[in-house]
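*Asks:* Quick one: this structure, given as structure tokens, is what I'll be asking you about.
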Amino acid sequence: MKWVTFVSLLFLFSSAYFRGVLRRDTHKSEIAHRFNDLGEKHFKGLVLVAFSQYLQQCPFEDHVKLVNEVTEFAKKCAADESAENCDKSLHTLFGDKLCTVATLRATYGELADCCEKQEPERNECFLTHKDDHPNLPKLKPEPDAQCAAFQEDPDKFLGKYLYEVARRHPYFYGPELLFHAEEYKADFTECCPADDKAGCLIPKLDALKERILLSSAKERLKCSSFQKFGERAFKAWSVARLSQKFPKADFAEVSKIVTDLTKVHKECCHGDLLECADDRADLTKYICEHQDSISGKLKACCDKPLLQKSHCIAEVKEDDLPSDLPALAADFAEDKEICKHYKDAKDVFLGTFLYEYSRRHPDYSVSLLLRIAKTYEATLEKCCAEADPPACYATVFDQFTPLVEEPKSLVKKNCDLFEEVGEYDFQNALIVRYTKKAPQVSTPTLVEIGRTLGKVGSRCCKLPESERLPCSENHLALALNRLCVLHEKTPVSEKITKCCTDSLAERRPCFSALELDEGYIPKEFKAETFTFHADICTLPEDEKQIKKQSALAELVKHKPKATKEQLKTVLGNFSAFVAKCCGAEDKEACFAEEGPKLVASSQLALA
């Protein structure tokens, strides 16, 4: 890369940065501005989501009352921006409203102390009390009752959906949840007139639930990235991913989008859902206006209404690679001026490297690309301090080979196992693996993570070879972030804390490198942990699996050094026991009689 070109890139990058950072014209009333930009429907939906994410235990009706009060106030300010209190910040207005809840102290305890603080400390305090694992009942489809409620009052029905999802997922991407609510509405509009409401609705709602869980996990990873590793880490992640998606866009264009996208997600992660949704709409507009220079895959997205358009752009497939991309070595391993470029503008030079490398490798995961960039940076730090830097960094690309081979080998090994045993037994293998790595972690968390990791096999192992690695490692990043978030709430393992906090890019290799925790004192064998009753027979299949997998994790905690064959024997005996007693005429009597025998045989098998 010639130096004049690099200077131009630096100038463009800086311009793009400042275009993204400078806010639009200031308004007398922020709340009036957002109300006018978003419209009443989306404004109310986003305020409901924001309040539900902060106060996760409050009844729906209480939130509706707060939302209506805020909306009426916004209308007043939209009519007259100079009216009383209309010049207050959104944090001040929303925080004041949350602090009027009469049951705040009784329901939330320490969260009520936040109300004694001033902004911005008050909002930061509210954020720290968001609960990623709230104690809320499972939501089960009830097609007849739900259709009756939908037909009676569609707006209330959809509001209840926003509320229920938001309070279970306190970092859900606000504007994206509005999109999913539209999907939810479409499912009920289609299925409620059907003769077989359940047959029509349940598969659709199950599929929507999977999309919701995936969307929630993606945004939680973004928010964790900000919280634990800062804005620079999020920008690096975004440069890598967007360069893969938009390989025809130049670096300045990718940089501008990354800067704006960073602002959008920072706002949503910070609870600023109105600003986030408004800025996302602006970014969507910009991308569609400049689609010719960004990606040939955007046209179908840009013809859609706003919520669908933004969702479509976020999920758009990678564009075709330009056919004339030169080899990277000339600019990043052979150029004698590399150290000068690097020292003059480190972040821009490294960003350019990450962009160029990522756009050529849609077959790599984002975290692998970040590990490569990190290795490149470390090499330049070392070589640029030596007597002959060009000779030192000339072979830097050779250092990337083991970084690439390690995850490729891991994906092949795991996909081979998945194809051999199927999803359920693959989950079991992962539950055993992770229980041995971190036996101190709670059994429900280990089972949840093992099941999620196991589903990655179903999602990724059937894909073409070129897509397996990015699919697997990108989804593993989501599952491991969930483990880190839950572990942070109740930390029990220094090894897990280290993997979670050292480096976002190195998380997966760190977890893969964990072995049997030799310092762990095995859990005492308790018969009641392995005692079951007839109610297991009527459970849905997934809940039945969770019961069995919980027993498996407990067995490993009791006997961490149990062999694969020992565990297979015990699990096989357990499955046979459940099948036998669920088929018996007197199920409870069978469980009472056969259960102690199972416990005894399990202890013997593990001895």
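The backbone N, Cα and C atoms fix where each Cβ goes, and this holds for glycine too.
Below are the features I grabbed from Swiss-Prot:
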BINDING   HIS27  Cu cation binding site
BINDING   GLU30, GLU267, ASP272, GLU275  Ca(2+) 1 binding site
BINDING   ASP37, ASP278, ASP282  Ca(2+) 2 binding site
DISULFID  CYS77-CYS86  disulfide bond
DISULFID  CYS99-CYS115  disulfide bond
DISULFID  CYS114-CYS125  disulfide bond
DISULFID  CYS191-CYS200  disulfide bond
DISULFID  CYS223-CYS269  disulfide bond
DISULFID  CYS268-CYS276  disulfide bond
DISULFID  CYS301-CYS312  disulfide bond
DISULFID  CYS339-CYS384  disulfide bond
DISULFID  CYS415-CYS461  disulfide bond
DISULFID  CYS484-CYS500  disulfide bond
DISULFID  CYS499-CYS510  disulfide bond
DISULFID  CYS581-CYS590  disulfide bond
DOMAIN    19-209  domain 'Albumin 1'
DOMAIN    210-402  domain 'Albumin 2'
DOMAIN    403-600  domain 'Albumin 3'
MOD_RES   SER29  phosphoserine
MOD_RES   SER82  phosphoserine
MOD_RES   SER89  phosphoserine
MOD_RES   THR107  phosphothreonine
MOD_RES   LYS228  N6-succinyllysine
MOD_RES   SER442  phosphoserine
MOD_RES   THR443  phosphothreonine
MOD_RES   THR445  phosphothreonine
MOD_RES   SER512  phosphoserine
MOD_RES   LYS557  N6-methyllysine
MOD_RES   THR569  phosphothreonine
MOD_RES   LYS587  N6-succinyllysine
SIGNAL    1-18  signal peptide
*Asks:* Around the Cβ of SER512 (phosphoserine), how many other Cβ atoms lie within 10 Å? Please give the count over every shown protein chain.
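*Replies:* Result for SER512 (phosphoserine): 16 neighbouring Cβ atoms inside 10 Å.
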*Asks:* Cβ neighbours within 10 Å, counted over all protein chains: which one of the disulfide-bonded residues CYS500, CYS590 has the most?
*Replies:* CYS500
*Asks:* According to DSSP, folded down to helix, strand and coil, what is GLU267 (Ca(2+) 1 binding site)?
*Replies:* helix
*Asks:* For ASP278 (Ca(2+) 2 binding site), what is the secondary structure by DSSP, using just helix, strand and coil?
*Replies:* helix
*Asks:* Round to a whole number and give the Cα-to-Cα distance in Å for the pair CYS191 (disulfide bond) and ASP278 (Ca(2+) 2 binding site).
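*Replies:* A Cα-Cα distance of 32 Å.
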*Asks:* What subset of the recorded positions CYS115, GLU267, CYS269, CYS590 lies within 10 angstroms of CYS276 (disulfide bond), using C-alpha positions?
*Replies:* GLU267, CYS269
*Asks:* Does DSSP put CYS125 (disulfide bond) in a helix, in a strand, or in coil?
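*Replies:* Looking at the DSSP assignment, CYS125 (disulfide bond) belongs to a helix.
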*Asks:* Sequence order is fine: just name those recorded positions in GLU275, CYS301, THR443, CYS500 with a Cα within 10 angstroms of LYS557 (N6-methyllysine).
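*Replies:* Candidates kept after distance check: THR443.
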*Asks:* Would you mind sorting out which of HIS27, SER82, ASP282, CYS312, CYS384, THR445 (the recorded positions) have a C-alpha within 10 A of the one on CYS223 (disulfide bond)?
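*Replies:* Of HIS27, SER82, ASP282, CYS312, CYS384, THR445, within range: none.
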*Asks:* Identify, in sequence order, the residues in the chain of CYS384 (disulfide bond) that are 6 or more apart from it along the sequence and have a CB within less than 8 Å of its CB; answer 'none' if there are none.
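*Replies:* Same-chain residues close to CYS384 (disulfide bond) (Cβ under 8 Å, separated by 6 or more) are ILE338, CYS339, TYR342, LYS343, TYR393.
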